[in-house]
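As recorded in Swiss-Prot:
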type: MOD_RES; residues: T6; note: phosphothreonine
type: MOD_RES; residues: S13; note: phosphoserine
type: BINDING; residues: G172, G173, A174, G175, V176, G177, K178, T179; note: ATP binding site
Amino acid sequence: MRINPTTSDPEVSIREKKNLGRIAQIIGPVLDVAFPPGKMPNIYNALVVKGRDTLGQEINVTCEVQQLLGNNRVRAVAMSATEGLKRGMDVVDMGNPLSVPVGGATLGRIFNVLGEPVDNLGPVDTRTTSPIHKSAPAFIELDTKLSIFETGIKVVDLLAPYRRGGKIGLFGGAGVGKTVLIMELINNIAKAHGGVSVFGGVGERTREGNDLYMEMKESGVINEQNLAESKVALVYGQMNEPPGARMRVGLTALTMAEYFRDVNEQDVLLFIDNIFRFVQAGSEVSALLGRMPSAVGYQPTLSTEMGTLQERITSTKKGSITSIQAVYVPADDLTDPAPATTFAHLDATTVLSRGLAAKGIYPAVDPLDSTSTMLQPRIVGEEHYETAQQVKQTLQRYKELQDIIAILGLDELSEEDRLTVARARKIERFLSQPFFVAEVFTGSPGKYVGLAETIRGFKLILSGEFDSLPEQAFYLVGNIDEATAKATNLEMESKLKK
């Protein structure tokens, strides 16, 4: 982290005059720049091209040095469109990697890859900036303690708990509730952990980014009246951006998150949507730079690029960055090098199911497909582990019996199986939960359920204590006491109707 010198500083103007190059070649988003002998910029240095195009329009393009070619030439990748650039234009070596604004001033705002605000809400305080290229924290700084990151969402905390400072893969198609789940997590970390969130939109649709921003304003995650009270900073590099921007926007978001962790000593949630697009952009840049492609046409440096990003996402003794990454699986092929490389870094997976969404069970997290390396008795304790295993066994048995029920009906099942089905249906409904950010749509107030309450509730259902209660009582409630209260209300309503 550094405090920016002003542009009027004589030291800056001398450096800018000193390190001046000229464009020698332009191939799409890739520029070759010639510098005077002995004035070559370093790899990853930012280069800025300023001037006017043939129509007299101002041009301001930032590039990043990727290769030193020899003969005093460098090859750089542009972070924005290169239309209007001409050979012979002046290029200034900034002498540093790209630096972006960090700190409280970023909350409630939308930035591009260069850290420039793109939400028409005026300039951002850029006195405190940080370079996007950094080393991962040293081993001695890491917090190696295994601890659960409580989200307040029952299905996640019980069956696929998140690790504090871990990485979680979020799998789900369109319309199954990814955005709502992301917003609820942003809301809960702010309330329960006093933390903030950073959302990195990497190579996804501009419309989705806009929808997310509007929904965040509607649900109060972004406070329009007082931006400083917002809980999230947004960084977008969407589908229409050049590959250089899409490849680096993840690092911009990560840099903002690192400041909250290292300087403000907070717990941070970092969302990356979509991690596959980060790999895809790297593949495009690799081809443009003339590297020999590897398996399935991906860049030969795929594992290194992924590792460089993922290793910076971790817990230190000061704070933590817990990352939730949406993973697009091309053609549903989990062996494709992009998702396969991502899986190596994940501690947990949260799989959203269209079947559950169709039943109206939200969050539509699939309890059998979602996994976590944290679900071990030595980490979560015997009680939590046993309860989670029993819940999974009950749901698995219900899944196996569904074909028989569809053909022959419930009456043909044994007494034991009928009891299992009844409990499984209660569990399925109890895994649903009203969200704070969905209050606008559901009309029922959101609920944050602590881990101890979650375990107690499921243990009571499994023990058969609530076999007499209707399954409807367990739908969209918080803890188990609310379910019993709802059952009493339902009973009174049915008596009144009679």
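Cβ coordinates are placed from backbone N, Cα and C, and glycine is handled just like the others.
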Please work out the number of neighbouring Cβ atoms within 10 Å of the Cβ of G172 (ATP binding site), leaving out its own Cβ.
21
What does DSSP call G177 (ATP binding site) in the simple three-state scheme?
coil
Other residues with Cβ within 8 Å of the Cβ centroid of G172, G173, A174, G175, V176, G177, K178, T179 at the ATP site?
L352, A357, A364
